[in-house]
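J.: So Swiss-Prot has the following annotated:
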| type | residues | note |
| --- | --- | --- |
| BINDING | Cys86, Cys89, His90, Met130 | heme c binding site |
| BINDING | Gln98, Pro99, Gly100, Ala101, Thr102 | heme binding site |
Amino acid sequence: MRLVLSGASSFTSNLFCSSQQVNGRGKELKNPISLNHNKDLDFLLKKLAPPLTAVLLAVSPICFPPESLGQTLDIQRGATLFNRACIGCHDTGGNIIQPGATLFTKDLERNGVDTEEEIYRVTYFGKGRMPGFGEKCTPRGQCTFGPRLQDEEIKLLAEFVKFQADQGWPTVSTD
């Protein structure tokens, strides 16, 4: 018996026949799948779709990890720096001194500070009421009176702030 599937290749249609040659020898398959109707094909797809979907979903984090270990460590280091230098004014992405200058995407875009480079520049040199934290920040009145941050630390902060803004400021553990 031979099943004819419209648009199916000879290989595909051979999968669903009751007799098939194996390695050039006329050998009968012990448990052939016989499809007589489109209903049988629909039934087969309905039975196979849920387990195949589950397998694909289970394997997808392995094949496509959301971020690398290095990015995770940088985010944690950025969170630690943020908690040390920025959280006094910008707790959970807000701004207790100037409410329209939060670290949420909408305000960052409106204020022209929506890229890592711009966040770095504002963190280094300051802007408006925000003091600069860079080692070479000038003029003196625009810069923090507290400890200055190294370039790499400001880069980590800029990456962290951009990442958090893109995520809507979820809680990040610094452990």
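A Cβ is built for glycine as well, from the same backbone N, Cα and C atoms used for every other residue.
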J.: Enumerate same-chain residues with a sequence separation of six or more from Ala101 (heme binding site) and a Cβ-Cβ distance below 8 A; give 'none' if the list is empty.
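T.: Set apart from Ala101 (heme binding site) by at least 6 residues yet with Cβ under 8 Å, we have Asn95, Asp107, Asn111, Gly128, Arg129, Met130.
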J.: Compute the C-alpha separation of Cys86 (heme c binding site) from Thr102 (heme binding site), stating it in Å without decimals.
T.: 12
J.: In the same chain, which residues outside the set Cys86, Cys89, His90, Met130 have their CB within 8 A of the centroid of the CB atoms that define the heme c site?
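T.: Those within range, site residues removed, are Ile87, Gly88, Asn95, Ile97, Leu103.
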J.: Among all protein chains shown, how many Cβ atoms are found within 10 Å of the Cβ of His90 (heme c binding site), not counting that one?
T.: 20
J.: Near the Cβ of Cys89 (heme c binding site), how many other Cβ atoms are there if near means within 10 Å?
T.: 16
J.: With every protein chain in view, how many other Cβ atoms are within 10 Å of the Cβ of Thr102 (heme binding site)?
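T.: Around the Cβ of Thr102 (heme binding site), 20 other Cβ atoms lie within 10 Å.
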J.: Is His90 (heme c binding site) helix, strand or coil when read with DSSP?
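T.: SS state of His90 (heme c binding site) = helix.
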